[in-house]
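Trainee: Got a structure for you, questions after.
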Amino acid sequence: MACEGCMEKDNMSTGATMEFLLLGFSELLCVRVLLFLIFLIVHLVTVVGNMMVFMAVVTEPSRPPMLFFLCQLSVIELCYTLVVVPKALLSLMMAGGSTISFIGCAAQMHLFVTLGGAECFLLVAMSYDRYIAICQPLHYVGVMSEGFCLRLALACCLGAFAVALGLTVAVFHLPFCPSHRINHFFCDVPAVLHLACTQSYAPELPLLAACVLLLLLPFLLILTSYVRIAVALFHVTSSVGRGKAFSTCISHLTITLLHYGCAIFIYIRPNSSYTPAQDKVVSLVYTNITPLLYPFIYSLRNKEIKGILRKMLRRKKIAQLK
C-alpha cells in the first residue's frame, strides 16, 4: 500500500510516543450501547464456561490425554478473549474509537498470534491423540504418556511464541502511514499491514510464512491423521463400533473447522483484498463466538467432561446442604 507523507524515521525510534487509533465500531454509533452489552455478556459467559471446563479437568485426579489437551485449550481460549475483548469494549465506550500505544499494539498482536498459533498446534496434538486411540489402541497408554503430553503442550506454546515474535517484529519494523487509524477493534495483522507505507509485496511475506507454519502445516497434519482414522474405521466391520469410534472425534472436528474456517478466510489472501467491514465481522466470530462455543461443544459431546461437571455440581450441592 502506498500513502503520502510516509514516516521517514524507523518506527522503533518513535515507538515510545507513537499511538494508533482503533476505530472499532465507531461507524455504528446508534447501536453502540447494544453492541457493548452483547460483547460484555458473551465475554462473561465465555470466561465462566472456559473456567468451568478448566476447573473440572484440574480437580479430576485421573486425567486422560484428551482431557489434558482440553484443559490447555480452555486456558488458551480464556487468554485469547482477554487479550482482545477488553480493548474492544473500551472502543465501544468511546465515540471516536480508542487509542493504543505502539508497544501496546505490538504486544496485543504478539499475544493474539501466539495464542492462535498455540491453538493450531494443540489441535494437531489432539488429532494425533485420536489417531493413536483409534488406529493403535494397544499402544495408546505407552505412547500418550503424561510426560509426552507435557512436552507436546510445551512445544505448542514455544513454537507459536517464536513464530508470533518473528511476525510481530517484521510488521512493526515497517514504515506506517501518518494517519495511524486502524479500522478494527484490535491490532490484527491484516489491519496493521494495511497501514504499511510501501508499494511492494514484501510486507506480506512474513504473514505468508507465519500462515504456512501456523495454519497450513498444522491443517495438513490434522488432515493426515483423519485420513488414517477414516481408513482404519473403513476396516471396522461393526457399524456400532465405527460410530462409537468416530463420535470421539466429532468435538475435535467441529472446533477444527470453526478455527481454521475463520483463520483461513482472514489470513490466507493478498492484502489488496482487505475489506475492513467484512474482516471485523469475521473477527467477531473467531474472537468472541468460537471461544464461547468451545466449552459447550466439548461439554455436550465429551462424556468424561459431562461426568466431571456432574460430580462438581453434586459436591457443590452437598457442601451447601452441610
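The backbone N, Cα and C atoms fix where each Cβ goes, and this holds for glycine too.
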Trainee: Quick test of your reading of TrEMBL: among 101-120, 281-300, where does it put transmembrane segment?
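Mentor: Spelled out, TrEMBL records transmembrane segment over residues 281-300, not the other listed ranges.
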Trainee: Six or more residues out from either end of the transmembrane segment (20-46), which same-chain residues have a Cβ under 8 Å from its Cβ atoms?
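Mentor: That would be 77-78, 81, 85, 87-89, 91-93, 95-102, 105, 180-187, 192, 280, 288-289, 291-292, 295.
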Trainee: For the domain 'G-protein coupled receptors family 1 profile' (49-298), would you mind checking the mean pLDDT of the predicted model?
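Mentor: Averaging the confidence scores along the domain 'G-protein coupled receptors family 1 profile' (49-298) gives 85.
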Trainee: Who are the long-range neighbours of the transmembrane segment (246-269) in its own chain, taking Cβ under 8 Å and residues 6 or more past its ends?
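Mentor: 73, 116, 119-120, 123, 126-127, 130, 133-134, 188-190, 207, 210-211, 215-216, 219, 222, 226, 229, 233, 279, 282-283, 285-286, 290, 293-294, 297-298, 301-302.
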